[in-house]
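Sequence annotations record features per position, and here TrEMBL assigns domain 'Dihydrodipicolinate reductase N-terminal' to 5-126. If you look up TrEMBL, you'll see G10, A11, G12, G13, R14, M15, D36, G99, T100, T101, A123, P124, N125, M126 marked as NAD(+) binding site. Taken from TrEMBL, the feature domain 'Dihydrodipicolinate reductase C-terminal' covers 129-265. What TrEMBL lists as active site, proton donor/acceptor is H156. Annotation comment: TrEMBL describes H157, G166, T167 as (S)-2,3,4,5-tetrahydrodipicolinate binding site. According to TrEMBL, the feature active site, proton donor maps to K160.
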Amino acid sequence: MTELHIAIAGAGGRMGRMLIETVLAEPDARLAGALDIPGAPSIGEDAAAFLGKPAGVAIESDLAKGLANSRFLIDFTRPEGTLRHLAYCAEHGVKLIIGTTGFDEAGKAAIAEAAKKTAILFAPNMSVGVNVTMKLLEYAAKNLNIGYDIEIIEAHHRHKVDAPSGTALKMGEVIAGALGRDLKECAVYAREGVTGPRDPSSIGFATIRGGDIVGDHTVLFAADGERIEISHKSSSRLHYAHGALRAARFLADKDTGLYDMYDVLGLN
Ligand SMILES: NC(=O)C1=CN([C@@H]2O[C@H](COP(=O)(O)OP(=O)(O)OC[C@H]3O[C@@H](n4cnc5c(N)ncnc54)[C@H](OP(=O)(O)O)[C@@H]3O)[C@@H](O)[C@H]2O)C=CC1
Ligand SMILES: O=C(O)C1=N[C@H](C(=O)O)C[C@H](O)C1
């Protein structure tokens, strides 16, 4: 069994901590490094101090130190952080699993470019359930292509900084693709005041933020006389972390290339 030497970025964050706990629990993985943003209170602490059982890995802000012993970096941070890590990983052949959301087009292009130099898994949601839900949405959209208004509703905790969620946007892309539409042309992200009647070719988004909601996504197909709702609800972050570990195993024999969870799960 090849041991996966993994560093975790955003080590003090919600997903960072879940990933550290998960890596420490997996027999084929070793926590080999931990990063956080310069100035974060966690810098210098043991990465597993929050678990009450030190792992002997200090949280670093210096990328060379934090990644010295790692072949993989799992990064769930912010676009600006991921893009900084990306440049270093591409240069030094560290494989990257990116869960961060909220990238603009330039950020996505930078990730695609870096994938010519190192292997990258980039997915706004690493849950197996969410990715299977995407396939259900593709099927539903293809078969409900006339007379159904499509609305995507997502709800997350009060700390989330980007909207709509990366998952909701990906769901929109999957649905638009299945219908032969371009999401950039048909997405409606907000409604207020006198909006006029709904454009039947639009795909609407609604965002809810509050409390500790881990992540809920519902796609509504609404027609005259019936409604179909396809929902996924997360009650824990563990399944995202398990997905990220599956992604690392998938990248183990890849040197370059840009992949997503469909590749990992054989859903293409
Ligand atoms: N793909 C998936 O399956 C999932 C994706 N996500 C995405 O992961 C990301 C993180 O979510 P979450 O863990 O809840 O967020 P948190 O805010 O809890 O954690 C983010 C971590 O990244 C650090 N950070 C912030 N800015 C930078 C930077 N510029 N450089 C380096 N590190 C930085 C933060 O440090 P500090 O706290 O000091 O600012 C913190 O440690 C989000 O984009 C979210 O949408 C979340 C869950 C699942
Ligand atoms: O910020 C979060 O928490 C989550 N972010 C991801 C997204 O934007 O889709 C995935 C998940 O919904 C949790």
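Even glycines carry a Cβ here, placed using N, Cα and C.
Curation plays no part in TrEMBL annotations; they are all automatic predictions.
These figures come from a predicted structure and were not determined experimentally.
T100 (NAD(+) binding site) carries neither a helix nor a strand DSSP state and counts as coil. Counting in whole angstrom, T100 (NAD(+) binding site) lies 15 from H156 (active site, proton donor/acceptor) by their C-alpha atoms. Shown are the binding-site residues G10, G12; of these, the residue with the fewest other Cβ atoms within 10 Å is G12. For the domain 'Dihydrodipicolinate reductase N-terminal' (5-126), the predicted model reports an average pLDDT of 98.
For the pair H156 (active site, proton donor/acceptor) and D36 (NAD(+) binding site), the C-alpha distance works out to 23 angstrom. Its Cβ placed at the centre, T167 ((S)-2,3,4,5-tetrahydrodipicolinate binding site) has 25 other Cβ atoms within 10 Å. Cβ neighbours of D36 (NAD(+) binding site) (same chain, under 8 Å, six or more residues apart in sequence): A9, G10, A11, G12, G13, G16, S42, I43, I59, E60, S61.
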